[in-house]
Amino acid sequence: MEKFHAQYEMLETIGQGGCAQVKLARHRLTGTHVAVKVIVKRECWFNPVMSEAELLMMTDHPNIISLLQVIETKKKVYLIMELCEGKSLYQHIQNAGYLQEDEARPLFKQLLSAMNYCHNQGIVHRDLTPDNIMVEKDGKVKIIDFGLGTQEKPGQNHNLFCEIYPFSTPEVLFNRPYDMRKIDVWGLGVVLYFMVTGKILFDTASVEKLRKQIVAEKCSVPCRLSVELQDLIRLLMTDIPELRPTVAEVMVHPWVTEGSGVLPDPCEEHIPLKPDPAIAKAMGFIGFQAQDIEDSLCQRKFNETMASYCLLKKQILKECDRPIRAQPMNPSVTPLSSLVDAPTFHLGLRRTETEPTGLRLSDNKEVPVCGNSTSKKRERSFSGPGVLSRPINTTPTMDQTHTRTWSGPCIYSNVCTIHPNSINESTEGHISTSAEDKPVHSRGWPRGIKGWTRKIGNAMRKLCCCIPSKETSHLGQRRVCPKI
């Protein structure tokens, strides 16, 4: 318990199951929100609990929820997973009424890609329902809750009754041995029908009524749907499991292949096997060992180190996607920007002017550099293993904010602030600083959780290239800015 709460702050309940709760939590080190499935051991079988964790450890697909860390105590198991910023498919359809075919197709393609990946790994979900599918704001689909999932061999039949009634297959309702992969195919049919009609085909909590509906109604598909879609739904929801297609066969159905959309790439790597050097270096400043970072990712240990790396990387990418609000400028005065001197850069990345050029401003203008005394304008550029790059687009305006972004490997850039009091008006527009002004080395990092959080925040801001650090590391250094 203490191990979990030392790393995460529990916030609120966002989901409830038979023997588990899903909580919203905050990772103390990065401030990133995560979803935590809390499973009480005494309230359910332990083997299925670990089975869900083991299944998620085997998966790495853009349309399957990512497991980041597993923390086990004497009484509970904590599954720390990425937080989906969106709604369940059920809520999404409830708000929309139902989806047009062109709207449903890209969502269904993502589901097919995820389930085909699972079946190729020998994993079956067995609980594909609109509540277990998340739709994020950008339209990406995520399959969640592998609590009823398991691993099987091709041709292996089961007779364990473990499904929710409205989505149960005929073979399960009539207590027949079943192929678990065909259970998922039926689930895909139920989900597709719900997307294009806004209704659950067989909606009852009674087993007897459900049996009668399946036998009597078969599968009534609205005539307003296209012929291809009607055919696909009937194939998916065939009451004879042997006649149901495999997921791979569904992926080449004419309705699925219509249009130019492509299926998600299952080889897309969400948990890298090798750490990014810049992120690893930032983590080194807060106590993580480089070898431990590499081993945790390569061996997929799902420990504190692996979770911290993945959440830090996610936070960096999220911050770099945000536009930066600049202060109003006087169009008659050219802004003077410069790169901070290497000795004051917290990540310890030192570059000299003799190294190969790798970062230039897009307007190709010379930029005065603040540092030692100089009477010439210089242009400095940096090179290095860039991780994050952003386009630059600057338009100085008066009394109006604008967006400024950087181009190139931006983790090595930082801009110093200039004050009007230090401009030397006797020079010909050149700026210099006193040689006696020496940068003061940054003070030691604060102790405790808050100190660690501030440290990782400062490191992330530097990696995000344009967000200023909250920590003051230039004490005693004079700064110069243009006189307006």
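Cβ coordinates come from backbone N, Cα and C, glycine included.
Under the heading domain 'Protein kinase', Swiss-Prot lists 8-256.
What Swiss-Prot lists as ATP binding site is Ile14, Gly15, Gln16, Gly17, Gly18, Cys19, Ala20, Gln21, Val22, Lys37, and the listing cites sequence analysis. DSSP assigns Val22 (ATP binding site) to a strand in the three-state reduction.
Here Swiss-Prot flags Asp127 as active site, proton acceptor. Asp127 (active site, proton acceptor) falls outside any helix or strand according to DSSP and counts as coil.
Sequence annotations record features per position, and here Swiss-Prot assigns region 'Disordered' to 355-400 (among others).
Swiss-Prot lists 391-400 with the feature compositional bias 'Polar residues'.
Summarising the annotation, Swiss-Prot assigns region 'Disordered' to 426-446 (among others).
When the binding-site residues Ile14, Ala20, Val22 are compared by the number of other CB atoms within 10 angstroms of each CB, Ile14 has the fewest. Taken together, the residues in the domain 'Protein kinase' (8-256) have a mean pLDDT of 87 on the 0 to 100 scale. Taking a C-beta cut-off of under 8 angstroms and a sequence separation of 6 or more, Gln16 (ATP binding site) has the following same-chain neighbours: Val22. You'll find the Cα of Ile14 (ATP binding site) roughly 19 Å from the Cα of Asp127 (active site, proton acceptor). For Ala20 (ATP binding site) paired with Asp127 (active site, proton acceptor), the C-alpha to C-alpha distance reads 16 Å.
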